[in-house]
């Protein structure tokens, strides 16, 4: 018998090989069949009935493995119209348990969702495409989002057939025939038992079977997805965190390609080739409050053509660098919260169905938490949330990042019980004013120097833009710290100015009548640059020295005017060595420190003696009172001891008397017993000596007893009636 590439001649259908599960276990997405024998419930009930009828209480116990029907592992085969079929498997959540009743219809629907070309390559259809490697629950989520976005319908058991019909009608104009490669993939799935249809056996002993096996093995587009294959939760959450900070390229682009592409079509982006901000055409979505000022959260000009539209304009030529649709959180969050409770569709669901990237302002996050309607706002699988709408504002201030992160972790009901103090600290710190003031200092910088932070590759150039420093000459101590690692090619405007200045310098040199040799001109140029640099450094040094002089004067003035006066009039008893070190740290003179320490020691001794006297006076009366009470208690104890001794003597006398009486009574008892024995013997002797004979009896005849005839014989029954 011939064999080829793992297909043996004795290959049998999978349905007949229930005991051999080694190959099935290794197959991705297929669960091994249970080895426990099935239980015949009818036979068990019959056996139990007979045992009860015959009076037998000995019923054998049989262990039955009951599967959890609510978490059943389901395997489906998705057959796209222009690609190879693949298998997905997993558990269906209890919320979607009704899908277990309509698995064939679900497979049919997923085939459409996995074929976006059937809908004329719609962007919405591409966004929710079911792909190989998805888990079953992710595929169901993609299907539900597809129905929500394309059909504006909610998936339920009642309208499932209607949804299938609508999808077929919508795709009727774009459906293509399945390719030959897709059919080959179906055969491979059936071979490994992953298809719901009957498995087909390939007989490799025949030339046709061998060619069929070769065709299956060499097919390129066949993909068997792992049943439980899914995006790593750590990669997914890391990607969400990067989008939240406006760093989309820092996310894993093998999973977030479409979201990243949409991001750079919406948000301000710098084009280094044109040397200007890109004129964006696609509109994004902003969730904000009605009373917040959006102009304080961006470095661009803000244009509001109407109540629902916001444009960000370039500060140089006023072209549009970003377009947004403004939605007030007060109008959509409460209705969305109510719709979630009644299992209905809300306006926010419709808005989220048409976009992948949404901006939420920090004020909107605080509003939904304060009013208890935050569930389902930021924690959505098909939407990536960005805090704020200007990347520079979010990365400079980090305002709202902590609130958004904690809302992505848990529902508000859990946070109010487990993280209540954390929420309180995030909501009541009132840092918005300080952050807005800090961001105004960023805006005051050169507009051209800030453009590099809107470059798509900013994931490697972004550092902390703002940091706090406690300096004496500034209240907030906020400085702009540009990342020194960015390259000059990120600042083309500066490069252009440098080229123009070099050209201008060459023209000036050629026009001047400087007799300096050409070889020395570069050295002189460097010398001039060094001279200007030295001049600048000298100016900085002078400025720093002036600041230091002013600070020293302030310290001396504060020391002489306030600290010395305080130490002179302050009464303190702390004479520890650490106090001397602290006064030395604030620059107190040594003689003053010694005088203060001696004064404190004397004051401490004085107070110690005073407290000792007051304490002894206060407690002397209590000590006398306790001594008197102690004497009284000792006298009472002595009296009690005497009375106890008397009682013991009386008890001893009573015991002696009782003992004597007991001895006397025993002697008398013994005498009585002896007397009794003696009398008994005498009585017996007298009885033996006296004999009753017939001569002693009377010869008089016995007379009848009077009234003997009237006696009733009770042995004879009589009728009492």
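Placed from the backbone N, Cα and C atoms, the Cβ positions cover glycine too.
Averaged over the region 'Interaction with sigma-NS' (1-13), the predicted model has a pLDDT of 39. What Swiss-Prot lists as region 'Interaction with sigma-NS' is 1-13.
What Swiss-Prot lists as region 'RNA-binding' is 1-38, and the listing cites similarity to another entry.
Residues annotated as region 'Disordered' in Swiss-Prot: 17-37.
Per Swiss-Prot, the feature region 'Involved in the formation of factory-like inclusions' maps to 471-721; the stated evidence is similarity to another entry.
Per Swiss-Prot, the feature coiled coil maps to 523-556 (among others); the stated evidence is sequence analysis.
The site 'Important for the formation of viral factories' annotation in Swiss-Prot covers 570 (among others) and rests on similarity to another entry. For residue 570 (site 'Important for the formation of viral factories'), other Cβ atoms within 10 Å of its Cβ number 9.
If you look up Swiss-Prot, you'll see 572 (among others) marked as site 'Important for the formation of viral factories'. Cβ neighbours of residue 572 (site 'Important for the formation of viral factories') (same chain, under 8 Å, six or more residues apart in sequence): 600, 603. When secondary structure is read from DSSP and collapsed to three states, residue 572 (site 'Important for the formation of viral factories') falls in the coil class.
Among the features that Swiss-Prot reports, coiled coil is placed at 632-686 (among others).
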